[in-house]
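**Q** Please read through the structure below; I'll follow up with questions.
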Amino acid sequence: MARKKIALIGSGMIGGTLAHLAAKKEMGDIVLFDIAEGMPQGKALDLSQCGPIEGFDANISGTNDYADIAGADVVIVTAGVPRKPGMSRDDLLGINLSVMKSVGEGIKNNCPDAFVICITNPLDAMVWALREFSGLPHNKVVGMAGVLDSARFATFLAWEFGVSVKDVNAFVLGGHGDTMVPVTSYTTISGIPVNDLAKIKGIDASRIDEIVQRTRSGGGEIVGLLKTGSAYYAPATSAIAMAEAYLGDQKRILPCAAYVDGKYGLDGLYVGVPAVIGANGIEDVVEIELSDEEKSNLKVSTDAVEELLEACKGLDNSLA
Ligand code: APR
């Protein structure tokens, strides 16, 4: 059986990390694409030379030509610019929207059957725009945010409770921005609701609130420390988990920016929800019951996403 083909559009910090992870896991052959000349080719060569040491078989190539992504099974998009300190994800809207246009056309013309995972920010608007520009079915285009946000939430909770991260199942809904909704009522530690375990362990509810807040600004915290860009290890790891769920038809329920039309009272919007990923892409969106407070927090978050979509339509007439 021929190996799967994974195309990475954008070969910067996240793109390079994605390529390394995908190669190590032998997920398939990898094509690194970028507009910067020489850079994807150089990274591909460097990463190929990890093969003999790590013992993986994968052809890794770099390109500036969309023709080379032809027939890709999975496309992961990180093309665009990342945040600098003081910037919000929304500040990237104008520049990254035009990038999504060229990426969407490249995908449409070369690998219209691929499963496409978008990472470029502002995520919920960019994944929507990428879907519009590419014309792919909604179930084949998804955004990576919830896996990362939930991993951040889980990390902070594991530290606070002094437990293994393996036992924390954390849950974040909504847009990938400051209004995201970490949902404590669905967050468990070894099956024990986090708020119950906090009571047992004598951890004050205000500490959980602080962790929720730290999760919301988890990306910004890293931008502030790095100063020259944004997080890349955990974002890449998150997208790889989603790609594996698709390639392995795993039917995992992962929080992702999926297209929601009807559920959660939403009318055709990409936003973070629990979604089933299998061989047909996004196979289902799970509508969980929320408290009134969670519902109103989700509304604030989805309103913010809707505002960004309006801004996109104002910037590019073809989206209106
Ligand atoms: N087509 C293809 N690649 C492009 C294009 C384009 N039109 N425009 C920019 N790029 C490339 C850049 O040349 C760069 O190599 O996208 C790459 C982005 O890499 P980095 O600047 O290292 O950014 P990274 O940290 O990988 O983040 C990428 O993901 O998390 C988000 O906010 C982040 O939107 C940003 C994206």
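Keep in mind that glycine also has a Cβ here, set from the backbone N, Cα and C atoms.
What you see is a predicted model, and the numbers here were worked out from it, not measured in a lab.
Feature list, courtesy of TrEMBL:
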- 5-143: domain 'Lactate/malate dehydrogenase N-terminal' (DOMAIN)
- GLY10, SER11, GLY12, MET13, ILE14, GLY15, ASP34, ASN96, ILE119, THR120, ASN121: NAD(+) binding site (BINDING)
- ARG83, ARG89, ASN121, ARG152: substrate binding site (BINDING)
- HIS176: active site, proton acceptor (ACT_SITE)
**Q** Taking ligand 1 as the reference, state which of the recorded positions ILE14, ASP34, HIS176 have a Cβ closer than 6 Å to one of its atoms.
**A** ILE14, ASP34
**Q** Counting each residue once, how many in the domain 'Lactate/malate dehydrogenase N-terminal' (5-143) are helix, strand and coil under DSSP?
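**A** Secondary-structure breakdown of the domain 'Lactate/malate dehydrogenase N-terminal' (5-143): 67 helix, 25 strand, 47 coil.
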**Q** Given the binding-site residues GLY10, GLY12, ILE14, ILE119, ASN121, tell me which ones have a C-alpha lying within 10 Å of the C-alpha of ARG83 (substrate binding site).
**A** ASN121
**Q** State the Cα to Cα distance, in Å, between ILE14 (NAD(+) binding site) and ARG89 (substrate binding site), rounded to an integer.
**A** 16
**Q** Reported as an integer number of Å, what is the Cα distance between ASN121 (NAD(+) binding site) and HIS176 (active site, proton acceptor)?
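**A** ASN121 (NAD(+) binding site) and HIS176 (active site, proton acceptor) have their Cα atoms 9 Å apart.
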**Q** Looking only at GLY10, SER11, GLY12, MET13, ILE14, GLY15, ASP34, ASN96, ILE119, THR120, ASN121, which the record lists for NAD(+), tell me the maximum pairwise CA distance in angstrom.
**A** 17
**Q** Determine the minimum-neighbour residue: among GLY10, GLY12, listed as binding-site residues, which Cβ has the fewest other Cβ atoms within 10 angstroms?
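**A** Among the binding-site residues GLY10, GLY12, the lowest count of other Cβ atoms within 10 Å belongs to GLY12.
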**Q** Cα of ILE119 (NAD(+) binding site) to Cα of the residue listed as 'active site, proton acceptor': how many Å, rounded?
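**A** The Cα atom of ILE119 (NAD(+) binding site) is 10 Å away from the Cα atom of the residue listed as 'active site, proton acceptor'.
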**Q** Hey, for the substrate site built from ARG83, ARG89, ASN121, ARG152, who else sits with CB inside 8 A of the CB center?
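**A** Other same-chain residues with Cβ inside the cutoff are PRO82, PRO122, LEU123, HIS176, GLY177, GLY219, GLY220, VAL223, SER230, ALA231.
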**Q** Out of GLY10, GLY12, ASP34, ARG89, ARG152, give those binding-site residues positioned within 10 angstroms of the residue listed as 'active site, proton acceptor', comparing C-alpha atoms, in sequence order.
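**A** Checking Cα-Cα distances against the residue listed as 'active site, proton acceptor', the binding-site residues within 10 Å turn out to be ARG89.
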**Q** Expressed to the nearest Å, what is the distance separating ARG89 (substrate binding site) and GLY10 (NAD(+) binding site) at their Cα atoms?
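**A** Cα-Cα, rounded: 17 Å.
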